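Trainee: Sharing a structure below in structure tokens format, with a few things to ask.
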Amino acid sequence: MGFLDFLTDKIAIDLGTSNTLITHKGKIAINNPSIITINQITGKIIAVGREAGMMRGKINKNIKTIYPFKNGVISNFDASEKMLKAFIKKLSSINASVFSTSYNMIISIPCGSTEVEMRAVKESAKRLNAKNVFLIHEPIAAAIGGGIDVLEPKGNMVVDIGGGTTEIAVISLGKIISGQSVKIAGNTFNEDIIQYIRESRNLHIGEHMAERIKIQIGAAVDYLEVPPKNMAVEGRDLLTGKPKQISLSYTEVEKSLDKSIAQIENSILETLSEIPPEISADIYNTGIYLTGGGSMLRGLDERLSRATDLPVHLGDKPLKSVVKGSDIVLKNLDKYSVVLVEKMRR
Ligand SMILES: Nc1ncnc2c1ncn2[C@@H]1O[C@H](COP(=O)(O)OP(=O)(O)OP(=O)(O)O)[C@@H](O)[C@H]1O
């Protein structure tokens, strides 16, 4: 980096399956759901982010709601680019300097990203006029954002439960030495809830309702000291076709999520079984750092701690740790160059 680097604008982007966060000048300037609605006939963008999210499940057949990312990676290239462009435009309307100067960009990606997927992310960024584009693996960014010193010669384990993927990584000396990207995360939990309610309560509920249930009364354990009250859940009665309301308890939600959480547990145990003994010794002492929006499920830390016999530390702002860490790396590139996946110059 040149000595005039401090003059260059810096943008960190967390392109998540559920949420897109963008920092500018060290602050989170964009924090929106990763959704875009498009008119299918004209191809015109109708809404992006929060506004598009509010239209979920309530639109007509000419308007399509698109989630550009699936399991952490771009599944609809065109929509993802349109969405990102709209967010950057929003950012430049807040701060005009973004487009008037060249800027450096860092984007976090899941560990399991293939070359093709990484290229797709870079191509999109390239068209947004960035001078340098850097990529970073999400769990490393999350660890840095959570205040963990990833550069020291000591093993640290991070479990980042997002919307589309759960990233499990053991990090030492700035690199992931072992890990997995599992396609079971917050969205799977919503699907589990929908399926359970359909099968055991004969009620068809929408995605939005499932998300509300998870946040309001979701649990990973069947006993909570401070249990949430039963929730009134509305949907369509599968037998009569009429709108109907039921009362749902947190223990039912726990039951519906059990299988998916067990799969996350197994992946963590598998990763732990593959690491060198010296690193195991470190993790015995440091425990697991749990982050990502999915980590906010009640009792999940307790359940994972029980399964692994390790202390589990819940991150402070789990939805923001990845973008916060990416921002720190972009501001201190000399110090953190080892953690970057790849560097691209235009
Ligand atoms: N209080 C809560 N309890 C349980 N889950 C929650 C809570 N708040 C948010 N979530 C879930 O967190 C997920 C989003 O987390 P996050 O923003 O970290 O993921 P993402 O970065 O968009 O996804 P990915 O990393 O998979 O690309 C969603 O599935 C959302 O439902």
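Cβ coordinates come from backbone N, Cα and C, glycine included.
The model shown is predicted, which means the values in this text are computed figures rather than measured ones.
Copied straight from TrEMBL:
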- Gly163, Gly164, Thr165, Glu211, Arg212, Ile213, Lys214: ATP binding site (BINDING)
Trainee: How many neighbouring Cβ atoms, not counting its own, are there within 10 Å of the Cβ of Glu211 (ATP binding site)?
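Mentor: Neighbour count, Cβ to Cβ under the 10 Å cut-off: 19.
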Trainee: Taking ligand 1 as the reference and 6 angstroms as the Cβ limit (strictly under), which binding-site residues among Thr165, Glu211, Ile213 are close?
Mentor: Thr165, Glu211
Trainee: Among the binding-site residues listed here, Arg212, Lys214, whose Cβ has the fewest other Cβ atoms inside 10 Å?
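Mentor: Fewest other Cβ atoms within 10 Å, among the binding-site residues Arg212, Lys214, is found for Arg212.
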Trainee: Using only the Cα atoms of Gly163, Gly164, Thr165, Glu211, Arg212, Ile213, Lys214, which the record gives as binding ATP, return the largest interatomic distance in Å, rounded to a whole number.
Mentor: 20
Trainee: According to DSSP, which of helix, strand or coil covers Thr165 (ATP binding site)?
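Mentor: Assignment for Thr165 (ATP binding site) reads coil.
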Trainee: Counting only residues 6+ away in sequence within the same chain, which have a CB under 8 Å from the CB of Thr165 (ATP binding site)?
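Mentor: For Thr165 (ATP binding site), the qualifying residues are Thr17, Asn71, Gly72, Pro110, Gly112, Ser181, Val182, Lys183, Ala185.
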Trainee: Suppose we draw a 10 Å sphere around the Cβ of Gly163 (ATP binding site). How many other Cβ atoms does it contain, all chains included?
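Mentor: For Gly163 (ATP binding site), the count of other Cβ atoms within 10 Å is 25.
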